[in-house]
Amino acid sequence: MGSTPYPGGEWKGKSKGGLQDLGCMPWKVSKQKCGGGPVGAEEHKGRDPQQDIPTFTCMLMTPQLPRASAGHPAIYHEKQRRELCALHALNNVFQDGSAFSRDTLQEIYQRLSPSTLVTPHKKSMLGNGNYDVNVIMAALQTRGFEAVWWDKRRDVGSIELSNVTGFILNVPSNLRWGPLQLPLKRQHWIGVREVAGVYYNLDSKLRGPQPIGSPDELRKFLRQQLRGKNCELLLVVSEEVEARQTWRSDS
């Protein structure tokens, strides 16, 4: 897994039944059970970004934190490795390569499903990744956060962005076999968050962080994603924000 800090601004690119009346609901997992689409960014315009951007590569078990360059914030971006998109999305949202590890997510998975048989859609028992929403929400709870599932029937304009730490989307993504793109899709987790006043798409399949822009541009991005088939949105919020429902602008 490679992880690269990018100075902000350098890259250019543009339930179930019984839903709550508010149209959204927090995912809940018993804490006793747990142990603790998008396309690539456009090419950099003007000059080689490697002339200005400090880079490093970190192994999965020894993550390093990004360093800011003069005048720009550093953006932590984990790139795709195996089927660990859930891990990458979590670490990218927290902007911390040590927030979660593959071993941590695997332990949570096994504690949530100790008797689960190995099936094609449960390959995480083998430690390959491909974790589902249950693992993500349990992992968030180990750090004092909650995942709030967004009802797509509601407009994202009612999200109080200032009280949301980040966003995790589940979107269809093309499968690849080496350099070949297969005519198949599977679900993929991506992280989105704000860094120094700008929202970024931190999809681990992108070459680098893709700037989304202002709060209004973020809402346009989320609306576009949610119009697609099989797309779901989770709001990552603190336990206090979830308890007070202050992720809603009308709360």
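Cβ atoms here come from the backbone N, Cα and C positions, even for glycine.
Because TrEMBL annotations are produced automatically, they should be read as predictions rather than curated entries.
Per TrEMBL, the features are as follows:
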{"type": "ACT_SITE", "residues": "Cys85", "note": "active site"}
{"type": "ACT_SITE", "residues": "His188", "note": "active site"}
{"type": "ACT_SITE", "residues": "Asp203", "note": "active site"}
{"type": "DOMAIN", "residues": "72-251", "note": "domain 'Josephin'"}
Three-class DSSP secondary structure - His188 (active site): strand
Asp203 (active site) and Cys85 (active site), distance between Cα atoms, whole Å: 8
Mapped DSSP class for Cys85 (active site), helix or strand or coil: helix
For Asp203 (active site), the number of other Cβ atoms found within 10 Å of its own Cβ: 29
